[in-house]
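Here is what Swiss-Prot records for this protein:
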- ASP325: active site, proton acceptor (ACT_SITE)
- ARG327: active site, nucleophile (ACT_SITE)
- ARG27, GLU28, ASP32, ARG139, ASN140, GLY141, HIS142, THR143, GLU163: D-ribulose 5-phosphate binding site (BINDING)
- GLU28: Mg(2+) 1 binding site (BINDING)
- GLU28, HIS142: Mg(2+) 2 binding site (BINDING)
- ARG249, MET250, HIS251, SER252, ALA253, GLN270, GLU291, GLY292, ARG293, THR313, SER348, LYS353: GTP binding site (BINDING)
- CYS254, CYS265, CYS267: Zn(2+) binding site (BINDING)
- 1-200: region 'DHBP synthase' (REGION)
- 201-393: region 'GTP cyclohydrolase II' (REGION)
- HIS125: site 'Essential for DHBP synthase activity' (SITE)
- GLU163: site 'Essential for DHBP synthase activity' (SITE)
Amino acid sequence: MQFDTIELAIEALRNGESIIVVDDEDRENEGDLVAVTEWMDDNTINFMAREGRGLICAPIDKSIAERLKLQSMEQNNTDIYGTHFTVSIDHYKTTTGISAHERTQTARALIDENTNPEDFHRPGHLFPLIAKENGVLTRNGHTEAAVDLARLTGAQPAGVICEIMNDDGTMAKGEDLQSFKERHHLKMITIKSLVAFRKAVELNVNLKAKVKMPTDFGHFDMYGFTTNYSDEEIVAIVKGDLKSNPNVRMHSACLTGDIFHSQRCDCGAQLEASMKYIDEHGGMIIYLPQEGRGIGLINKLRAYELIEKGYDTVTANLALGFDEDLRDYHVAAEILKYFDISEINLLSNNPKKFEGLEDYGIEIVDRIELIVPETQYNHSYMETKKNKMGHLI
């Protein structure tokens, strides 16, 4: 499939057009027509009904639902994707409520500040959906995508969506969506690309605390951050001037290595070496909650069980059903942007960290190698990192 940029999609939406939004392969793997309520007209709904053929819904943010007292359709929501339907509605000035014009009228009433809760008949022919707070950064659904896109166009947080079905009634996927796009001259994007776009252009980290932190390796300032879309807590330790290509280490949390000094890995030794380097040369260490390359502590221990049976650190992850590396560095990039940093010298042997930061607009000016001694217990691990994961060691 050929996808368009988010910028082109935003422009199309501002022009009153519908676009196609495709979700992930491991989710519904389907495409929805999406339009912004503020920019659409009767033709939008008519096109969705005639060509899309799916259920026409009206994603809105929580504040609109609360203001208009739109209650959940079902208190015990058992939908496998957690789609938050409210009771269906018709605006009181409609007749049957089903025509393209009248569904447009109902959708427009949702964003009219003069609309009152009693202005809707319930049930009706339009199905509002409540988006999760923080949109696709919290839930990668079409509901959240529509509301996020509405905001990105500068409109009120409301849209209309409709699943795309084939002529035979099956759901359009893959090449079917590509043909639909070409036939109707529509822009098409993925929710994944929308997530990446938002992470690249928005600042979603919040400084919660800053303290002096004396350590065995020097005296630092420690900053504590949270994000708008998860319960993660991230710390950054800083020393010296950060203005010109500061030295930065992105360190993934490793309880076994950092705290218990496990010799199965080189994590603890790398953290200590990084702290010594930053103490001497200045810079920052961003400590990321990415235990086990993102699989979590217990799964990392399960991987260790497999390693004891002859697997390596890559094949163990794969055997457990994970990719070899699940880490994403957008939070680190956002923390750097919080400090107005866009160019860094990176302390790392891992090329994926270079790519991960560059994907979010951070330029790597220079690489500072971080070589620590091997132990009798981590030789195989280090060889796997070098030969299978491309680490520069």
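Each residue, glycine too, has its Cβ placed from N, Cα and C.
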Residue among recorded positions ASP32, HIS125, GLU291, SER348 with Cα closest to the Cα of the residue listed as 'active site, nucleophile': GLU291
Which binding-site residues sit within 10 Å of CYS267 (Zn(2+) binding site) - Cα, from ASP32, GLU163, HIS251, ALA253, ARG293: HIS251, ALA253
Most Cβ neighbours inside 10 Å, all chains, among the recorded positions HIS125, ARG249, ARG293, ARG327: ARG249
Cβ-centroid neighbourhood (8 Å) of the Zn(2+) site, CYS254, CYS265, CYS267 excluded: SER252, THR256, GLY257, ASP258, SER262, ARG264, ASP266, GLY268, GLN270
GLU163 (D-ribulose 5-phosphate binding site): tally of other CB atoms within 10 A of its CB: 19
Inter-residue Cα distance where the pair is GLU163 (D-ribulose 5-phosphate binding site) and HIS125 (site 'Essential for DHBP synthase activity'), in Å: 16
Set of same-chain residues at least 6 away whose C-beta sits under 8 angstroms from CYS265 (Zn(2+) binding site): CYS254, THR256, GLY257, ASN378, TYR381
Neighbour count (Cβ, 10 Å) for ASP325 (active site, proton acceptor): 19
Neighbour tally for GLU291 (GTP binding site), based on other Cβ positions within 10 Å of its Cβ: 19
Least buried by Cβ count (within 10 Å) of the binding-site residues HIS142, HIS251: HIS251
Among ASN140, SER348, the one of these binding-site residues whose Cβ has the fewest neighbouring Cβ atoms within 10 Å: ASN140
Neighbourhood of ALA253 (GTP binding site) by C-beta distance under 8 A, where only residues 6 or more apart in the same chain count: TYR287, LEU288, PRO289, GLN290, GLU291
Max CA-CA distance, Å, over listed GTP-binding residues ARG249, MET250, HIS251, SER252, ALA253, GLN270, GLU291, GLY292, ARG293, THR313, SER348, LYS353: 22
Long-range Cβ environment of ASP32 (D-ribulose 5-phosphate binding site), under 8 Å and at least 6 residues apart: ILE20, VAL21, GLY52, GLY54, HIS142, ALA146, ILE161, CYS162, GLU163, ILE164
